[in-house]
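According to TrEMBL, the features are:
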type     : residues : note
ACT_SITE : Asp171   : active site, proton acceptor
DOMAIN   : 10-57    : domain 'Galactokinase N-terminal'
DOMAIN   : 94-178   : domain 'GHMP kinase N-terminal'
DOMAIN   : 281-353  : domain 'GHMP kinase C-terminal'
SITE     : Arg27    : site 'Transition state stabilizer'
Amino acid sequence: MRDVNATKDLHAQRFHQAPAMFAAPGRVNLIGEHTDYAQGFVMPAAIDFATLAAISPRDDGSIIIASENFHEEVTHKLTALPKEAAHHWSDYPLGVLNILRSVGVELPGFSLTLSGDVPLNAGLSSSASVEVATIVAVLSLTAAEIPLPEMAKLCQRAENEFVGASTGIMDQFIACCGAEDHALLLDCRSLSFRLAPIPPDISIVISNSMVKHSHAGGEYNIRRAEVEQGTQIIHRHRPEVGFLRDATLEDLKQWGSEMPPSVLKRTRHIITEDLRTVAAADALEAGDLKTLGRLMYEAHASYRDDFEASCKEADILVKLAAKEPGCIGARLTGGGFGGCTVNLVEREYTAGFIESLRKGYREATGIEADIYNCHASAGAHRIGN
Ligand code: GAF
């Protein structure tokens, strides 16, 4: 649910206090997959699905976090906050509280209501939107002044250290710093970024394969470990390569034979994906949509064949999209192993594109895809006063 007034009213009824309201968006990544933890480049956009946070202070030394989506609430004394994940939706907000405390923020008592419409386990970054909504809401009750990029880093730590998923910085960063009508090219080493306008005659169509994706453990962490193995092998020969961001195709030629075949492929994906991502940002800025689209298809092929992070349903969606008039480019977006494909489509073709894609996917798989015509949106913000 993402009705600001409804969430506000529910919070007020439950906790007898008018809340302050915040929102943090989900994201779609246009290109640059698994490059963030290799200190490379990514180009996501925030989308118009978001987590809402309604917050009000409490003076009884406790915190209550209610989830409208899960119809549950958890209560903890500030003196006894859980220190470990419980494989529960509350791990994400509790992880943020733990990290805030670890950097010296004095936590206040509060009641927090979370609600939202970011599809779950769809690779659209619902977890980061919950973390970021929590951090902006909780910090509003404190004197701490933390800039948005720093908040992103703290939320990433919550996910890495508390939830146990070794994710990079992309999702939390775009949830904090996204901008309306823009994609964001992020240098994941320096955290400097540039905003690239999405032309008004282009739609961002997201098609949900309905194959569930999750990265609290599992394949995501395995890929990350393989990427680290590839890095180590190159590092042995070229100590200045601490991350694959610094490696080149020439390194792969020289030292690739020392890598197990799967590690060689993962490493190749990261090195080539970084090149594609920077080229894609240049193409978007230059209005060269043909090149942008070609890079998206190439990125999908690399994600499928070298990173082996696609699934047959996503491959079908991309293949179907590529045949449609007005489709500029398509690829699997996000952490992989299910979730959504992102399609850039000429606006005048969008309605027909969505209809044909839904039909083609149903015929090929028997699955009814959810398809969203999204809009690049702003990062985390307060709603109202
Ligand atoms: C997930 C992670 F959370 C990101 O950090 C990123 O690695 C992405 O997968 C893959 O590009 O969304």
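Just so you know, glycine gets a Cβ as well, placed from its N, Cα and C.
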Practice problem: Starting from the Cβ of Arg27 (site 'Transition state stabilizer'), draw a 10 Å sphere and report how many other Cβ atoms land inside it. | Solution: 32
Self-check item: Distance [Cα-Cα, Å, rounded] between Asp171 (active site, proton acceptor) and Arg27 (site 'Transition state stabilizer')
Solution: 7
Quiz item: Asp171 (active site, proton acceptor) has how many other Cβ neighbours within 10 Å of its own Cβ?
Solution: 31
Quiz item: Taking DSSP states H, G and I as helix and E and B as strand, how many residues of the domain 'Galactokinase N-terminal' (10-57) are helix, strand and coil?
Solution: 9 helix, 29 strand, 10 coil
Exercise. With DSSP as the yardstick, break the domain 'GHMP kinase C-terminal' (281-353) down into helix, strand and coil residue counts.
Key: 41 helix, 13 strand, 19 coil
Quiz prompt | Confidence summary (mean pLDDT) of the domain 'GHMP kinase N-terminal' (94-178) | solution = 97
Exercise. Sort the residues of the domain 'GHMP kinase N-terminal' (94-178) into helix, strand and coil with DSSP and give the three counts.
Key: 47 helix, 8 strand, 30 coil
